[in-house]
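Asker: Below is the structure I would like to discuss, written out as structure tokens.
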Amino acid sequence: MASVTALIIASIVTVAHGQTIVHITLGHNHTLVGPPITSEVIWTKLGSVDYFDIICNKTKPIFVICNRQNLTLINVSKIYNGYYYGYDRSSSQYKNYLVRITQPKLTVPTMTIIKMANKALENFTSPTTPNEKNIPNSMIAIIAAVALGMALIIICMLLYACYYKKFQHKQDPLLNFNI
């Protein structure tokens, strides 16, 4: 067991040298091909809770199928991200993978895109103005309230300009008119 651990630690040093980067879509299965075998390939996931985990003996948190050479990742999720290392005990050959999980791309059919573009062009080229029957009552009420508010503000400004000047005895001949 000590020789296996020493082999794994020595191999960790060379992980970045010969790694293959694999992008797997979320929810799919993927097979990692191991090195040529003389006995059996042992698969480990580097960087887990224990520095390395022998994953063919486990069922959680990742589900895999191991045969003598290959490792199949089942129903891939985000926890499958990481370095996978397969080595043959007898021949000291190894394969390592950097697994990255990607989100599936949502594709819109081209016919839908064309229909959406045509609809947008129709709306853009022929703007419709609502006739008097289609104008909602709330819109009329809002417009009336805004007009009334503006009128009140103007009246208040005129009253202030006229009466404030009279009370301060600074009458301006242009503002001096009787209401």
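Heads up, the Cβ atoms here are built off N, Cα and C, so glycines get one too.
Reproduced below are the annotations present in Swiss-Prot:
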- ASN29: N-linked glycosylation site (CARBOHYD)
- ASN57: N-linked glycosylation site (CARBOHYD)
- ASN70: N-linked glycosylation site (CARBOHYD)
- ASN75: N-linked glycosylation site (CARBOHYD)
- ASN123: N-linked glycosylation site (CARBOHYD)
Asker: Taking only the Cα atoms, work out how far ASN29 (N-linked glycosylation site) lies from ASN75 (N-linked glycosylation site), in Å, as a whole number.
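Answerer: Distance between the two Cα atoms comes out at 5 Å.
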Asker: Compile a sequence-ordered list of residues in the same chain as ASN75 (N-linked glycosylation site), six or more apart from it, whose Cβ lies below 8 A from its Cβ; state 'none' when nothing qualifies.
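Answerer: Expected: GLY27, HIS28, ASN29, PHE63.
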Asker: Tell me which residues of the chain lie with their Cβ under 8 angstroms from that of ASN70 (N-linked glycosylation site), as long as they are six or more apart in sequence?
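Answerer: THR31, LEU32, VAL33, GLY34, VAL41 - these are the non-local Cβ neighbours of ASN70 (N-linked glycosylation site), listed in sequence order.
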Asker: Highest Cβ count within 10 Å among the glycosylation sites ASN29, ASN57: which residue is it?
Answerer: ASN29
